[in-house]
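Annotated in TrEMBL:
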- 41-287: domain 'G-protein coupled receptors family 1 profile' (DOMAIN)
- 25-48: transmembrane segment (TRANSMEM)
- 98-120: transmembrane segment (TRANSMEM)
- 140-162: transmembrane segment (TRANSMEM)
- 205-225: transmembrane segment (TRANSMEM)
- 237-259: transmembrane segment (TRANSMEM)
- 271-289: transmembrane segment (TRANSMEM)
Amino acid sequence: MAHTNESVVSEFVLLGLSKSWDLQLFFFAIFFMVYVTSLLGNIMIIIIISSDSHFNSPMYFLLSNLSFIDICQSNFATPKMLVDFFVEYKTISFEGCMAQIFLLHSFVGSEMMLLVAMAYDRFIAICKPLHYSTIMNQRLCIIFVFISWAVGILHSVSHLAFTVDLPFCGPNEVDSFFCDLPLVIELACMDTYEMEIVILTNSGLISLSCFLALIISYTIILITVWRRSSSGLSKALSTLTAHITVVILFFGPCIYFYIWPFSRLSVDKFFSVFYTVCTPMLNPIIYSLRNEDIKSAMRKLRNHHVNWKNQGSL
C-alpha cells in the first residue's frame, strides 16, 4: 500500500486501564482527586505569583509559565479518561486522536525547554549573582518562554507529519486511555520500523539533551553552593531541591519511554498514567512544600480568606 492518506479508520477504540467496573470506579475516584488537585494547585500558583509583588522575579515568572503548561497538560486527556470510566465502549475520533498526540508532545517538549530555562536562571542567580538582574531581564524571560513553546510545537509537528498520513485500514484498538503515539503507529497497515527509529531519534535528542543540560547545570550550582558559606545557603538549597525533584520525577518516565518506546510491558500503563495525569500535580505540591516564599504566600492567602470570612459572618 502506498504511503498516502488512504485511511479507512474514522475512530480508535481506547481499551483503557481496566475492564473491571469496580477498578474503574476506584481509578475514577483517585484520578479525579489528582486532576482537581493539579488544576487548582497550578491555578493557585499563577494567582499567587501574579498578585504578589514579592514574586516579581524571573524565577517566579518562569514558574508561573510552568504551571500554565501543567494546566494544559492535565486537560489534554484526563477529562476524557474520567468520562470514559463510565462508558463501556471508549472511542475517540481520528481527528481527536491526532489532536491528543499533537498536544501531548507540544506540552512535554515545551516543559522540557522551560525546565532548562529555570535551571539557567538558578545558575545565573547563584554562580553570577552580581550580574543576575542584568542578564535575567524581562526580555530574556519572554524569549525563553517563546522558545520553549516553539520547540514544543515543532517537536510535535515533526511527529504528526509522519503519523497523520499513515494508512490505517482496519485495526483500531489502542491499549491505553489516550492516543499514545507508538501504540497508534503500530496500527498502520505498513512496515513502520523506519518511522519508529525516526521518532525515537527525534524524541531522544530533545529529552536527553535537555536532561544532560539540567544535570550539568545543577551539578555546577550544587558545587558552587557547597563551597560557599553564606547566610542564604539553606534557602538556596531549598529552592534547588524543589527544582531537582521536579526534574527527576518529570524526566524519569520520559527517559523510560524513549529508551523502550515500542515495548509492551505491564508497567507501561503505570508510567503513562503517572506521566500524563500525575506529573502536572508535581509542580504545585513540590513547590508549595519546598519553597518557603510560596509557603508563606499561601499562608497569607489562607489567613486573608479566613479573616474575610469571619468579617462577613459578623
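Note that Cβ sites are derived from N, Cα and C of the backbone, with glycine treated the same way.
The model shown is predicted, which means the values in this text are computed figures rather than measured ones.
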Sort out for me which stretch, of 98-120, 140-162, 205-225, 271-289, has the most Cβ pairs below 8 angstroms to the transmembrane segment (25-48). 271-289
State the mean pLDDT for the domain 'G-protein coupled receptors family 1 profile' (41-287). 85
